């Protein structure tokens, strides 16, 4: 009886009320069947005031230089940057001689020679930065089965970009009550699942900057994130420069384009086509 009464009431509804009830029912069923995504269990990184995110702003070269120093002394032991060569240092914050000196400190395997043997030599500007491991299997064996990701485009590959990487580097903390962390794992609320095998890489005074900047934990994270952001956006300054040129030239070109358009298309826009019906039949 209750079902019949409900159906009779539903039939008495207007078409708008019926449509609303149907949509509400489908929405309720859809929401109740959605499974919880693992990405919803992480702490979302707060927004940071990155200078290079501003309109027509560029990366701070001194910060990029310090970030490269952090990468060399802290990150390079596990993470690679396969898309970065020593010549890119000369394009950013180093002179040509400084870039050559940094490249010469690396030992590169080259060859084969005339006898078919491989040999080692000092690095040159066209060489890529050396890899920390010979292959992926060696990297997994040295990191308890975990493969350290390449950092060439890490900022572009992670949701949140620079904010996520900065929060991940500075977000290590003790697990909350009831949360168990296995041996060799570390708790970080910004990582998916909250547990990762990478130990906290940064700490106060972990390294000493060449320019005398105080190497606090947040300063180290800010500089290395700026460096990684530059790695993924090496054409950032070129795009900004092109955008500035476009803004300067466009106001000069638009009046000329508008005048030419009016001049050339005025005939087509104002013409009239009249079809006259012939009074006599044509002779063939």
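Backbone N, Cα and C define each Cβ position, glycine as well.
Pulled from TrEMBL, these are the features on record:
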type: BINDING; residues: 75, 78, 79, 198; note: heme c binding site
type: DOMAIN; residues: 62-163; note: domain 'Cytochrome c'
type: TRANSMEM; residues: 242-261; note: transmembrane segment
List the residues of the same chain that sit at least 6 positions away from residue 75 (heme c binding site) in sequence and have their Cβ under 8 Å from its Cβ, in sequence order, or write 'none'.
151, 201, 224
Residue 75 (heme c binding site), DSSP three-state class -> helix
Check: same-chain CB within 8 A of heme c site center, minus 75, 78, 79, 198
74, 76, 77, 132, 148, 151, 201
Spatial neighbours of residue 78 (heme c binding site) that are distant in sequence (at least 6 apart) but have CB under 8 A:
132, 139, 142, 143, 148, 198
Using a 10 Å cut-off, grab the number of neighbouring Cβ atoms around the Cβ of residue 198 (heme c binding site), all chains included.
18
Can you give the largest Cα to Cα distance in Å, as a whole number, for the residues 75, 78, 79, 198 that bind heme c in the record?
11
What are the non-local neighbours of residue 79 (heme c binding site), defined as same-chain residues 6+ apart in sequence with CB under 8 A from its CB?
71, 132, 148, 149, 150, 151
